[in-house]
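Among the features that TrEMBL reports, domain 'Sulfotransferase' is placed at 91-335. Taken from TrEMBL, the feature 3'-phosphoadenylyl sulfate binding site covers 100, 101, 102, 103, 104, 183, 191, 293, 309, 310, 311, 312, 313. Feature annotation from TrEMBL assigns active site, for sulfotransferase activity to 100. Annotated disulfide bond per TrEMBL: 294-304, in sequence order.
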């Protein structure tokens with residue numbers, strides 16, 4: 001009798017042990033399968049993370065920035081590119097304008113963010129017939145190498161005023177984010193003129209005074225055929241873009257404020273691009289000699305914009321300035337209404 005009871009007890013213990021081992025093996029297999037499934041669930045992970053995680057070690061960011069810098073200089077090997085899963089991505093955001101609004105400053109300042117990689121040169125893909133005919137693969141090859149979590153941004157201010165561009169960008173990516181940086185329209189027109197004037201002077205060529213170009217000598221009205229004036233009619237160009245993109249796809253940057261106090265403007269752009277806040281006062285310092293803000297990436301690497309930025313404008317007849325401001329006023333009011341952003345322009 002005792003022998004039978006002991007045999008039954010051993011049988012029960014064996015069954016319980018088998019169940020426990022089986023459950024353990026199932027859990028191990030299940031966890032393993034979940035680990036294997038994790039990279040493809042949820043769907044968003046297949047598209048790459050929408051933004052950087054909230055905390056990334058500073059050393060990692062410095063290393064990645066250094067590696068990308070070496071790649072831009074042509075010093076990185078194909079093996080490095082392969083090992084770090086570096087790719088040339090189409091831009092997910094484009095600074096489309098405006099000329100002399102501060103597009104270069106905006107691009108360089110956004111490049112302070114570790115999730116942003118900039119195209120160094122203006123590509124002029126969508127506004128140049130010859131470039132556009134080369135196709136989207138040619139455009140992609142003009143983009144810098146980046147990590148999958150980063151956003152590539154390019155800037156070509158001619159995009160804003162070129163009629164064919166909105167449809168072409170829409171065909172590439174209908175959900176792309178578009179940045180427009182504007183300045184007070186008359187100031188921007190004079191700045192535009194100043195850049196052209198400097199180019200003429202370098203070639204020892206003469207050029208008309210701003211007043212003669214901006215005002216029609218026959219009618220004494222504002223000359224809307226003059227490109228510098230026409231570009232400053234922001235609402236006319238924006239209306240063409242709104243035929244393809246909803247207003248939510250645009251973010252308007254205050255170019256005048258970017259000069260005097262850039263951080264708040266950059267923080268607004270970070271939010272628009274769904275990026276965690278990374279640019280701080282540490283990254284921006286005022287250079288009294290240059291007269292504008294320079295960039296600080298770390299304790300070693302600083303950068304100021306080219307000396308051509310911040311050119312001194314020629315004196316313009318006050319009556320012409322007043323006429324231009326009166327002309328731009330109704331267009332400015334409509335621009336405020338469309339974009340939902342108001343500026344302190346005369």
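Easy rule for this one: first residue shown is 1, then count along the chain.
Including glycine, each Cβ sits where the backbone N, Cα and C put it.
Predicted-model confidence for the domain 'Sulfotransferase' (91-335) is 94, expressed as mean pLDDT. Rounded to a whole number, the C-alpha distance linking residue 304 (disulfide bond) with residue 191 (3'-phosphoadenylyl sulfate binding site) is 20 angstrom.
With every protein chain in view, the residue among the binding-site residues 100, 311 whose Cβ has the most Cβ partners within 10 Å turns out to be 100. Close to residue 294 (disulfide bond) in the fold, though at least 6 residues off in sequence, lie 284, 285, 286, 287, 302, 303, 304, 305, each with a CB less than 8 Å from its CB. Residues within less than 8 Å, Cβ to Cβ, of residue 313 (3'-phosphoadenylyl sulfate binding site) and separated from it by at least 6 positions along the same chain comprise 187, 190, 191, 194.
Residue 304 (disulfide bond) counts 15 other C-beta atoms within 10 Å of its own C-beta, drawing on all protein chains shown.
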